[in-house]
Amino acid sequence: EENGHQDKRLKSDVDEEDAEDQNKKLPKRKIVLLMAYSGKGYHGMQRNVGSSQFKTIEDDLVSALVQSGCIPENHGEDMKKMSFQRCARTDKGVSAAGQIVSLKVRLIDDILEKINNHLPSHIRILGLKRVTGGFNSKNKCDARTYSYMLPTFAFAHKDHDVQEELYRLDTETLERVNKLLACYKGTHNFHNFTSQKGPRDPSAKRYIMEMYCGQPFVRENVEFAVITVKGQSFMMHQIRKMIGLVIAIVKGYAAESIMERSWGEEKVDVPKAPGLGLVLEKVHFEKYNRRFGNDGLHEPLEWTEEEEKIAVFKEQYIYPTIINTEREEKSMANWLNTLPIHDFNSSAVEMQTNNKNSKKSSDLEGSDGCGDDSD
């Protein structure tokens, strides 16, 4: 009996070795993976090789690629070997419903199922397509669409004493929010909306195609709304600061004229909204699709068949995380309390000089909304 068990165990080991040998013989192909993930508890998307203390989405992804047999172990240690490239480097805590990564893999049988088997449930690979050998998901991407889900009490005027659960956004305020968001459309100098970029840095100029806030809806007794923004590319913290400034204006802390001023050369103190509600919705490959999408060899990078899976993932993992974390940790409510600390009338340099002493004594210094750009 003991020998029988021993034989079975050895047989399964042999089967695994055979499968591994078969995998090694498979040629590597350039593909893209459609990913969705809930970013809570992660230090962003991009892997920091050699730094295990900050867990990233890519740490879990690479581990699953190795364990499933898609890539050799040494490719996991040196990601250049598999030509790995992510489309967007999402920040700490940011989620994604339509992230795209490009890489070379062995096209094993049931590849998606096998990768997902080695991933936690809040990270899923929802689709896969073959692409051209030289494809790079970051360089070939024409535009990115993000959404930002926030409780609507963020737009309540500072002079009104509101109860968060009872607050409902009126049509007039929503119209004003949308009028302000529309001001971002076009090309502007966003040096004040990120860190470490000067006003004359050409890369601080960014093109925004659309930005608007949708109709509010109620979840768990709190009213939420979703802001959508589509742009060619975004810098670190740019979207959160764009939204933070609009909130400051609508709440009555800053004059509307601050928007024009923020695109000028002077340093303006722009508050950064919490990262919690930010979601990478979709990445766009219009030029690539026009050139290769109908060449008979490659599929266009469109994910209409996966849309239902994306919607289900958002309902199951992304929205509940945002709603529950907001209710438990009150990230938006706490951040709103930091807005009075900002000086929206003078430049940030003047503000730092004038308020040095008061800032030293403030417990809120360096918190998410105080202009500290280290996440």
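Glycine residues also receive a Cβ, built from the backbone N, Cα and C atoms like all the rest.
Here's what TrEMBL has on this protein:
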REGION    1-23  region 'Disordered'
COMPBIAS  1-13  compositional bias 'Basic and acidic residues'
ACT_SITE  D91  active site, nucleophile
BINDING   Y146  substrate binding site
DOMAIN    184-286  domain 'Pseudouridine synthase I TruA alpha/beta'
REGION    352-375  region 'Disordered'
Take the domain 'Pseudouridine synthase I TruA alpha/beta' (184-286) and count its residues per DSSP category (helix H/G/I, strand E/B, coil), listing them in that order.
25 helix, 33 strand, 45 coil
In whole Å, note down how far the CA of D91 (active site, nucleophile) lies from the CA of Y146 (substrate binding site).
12
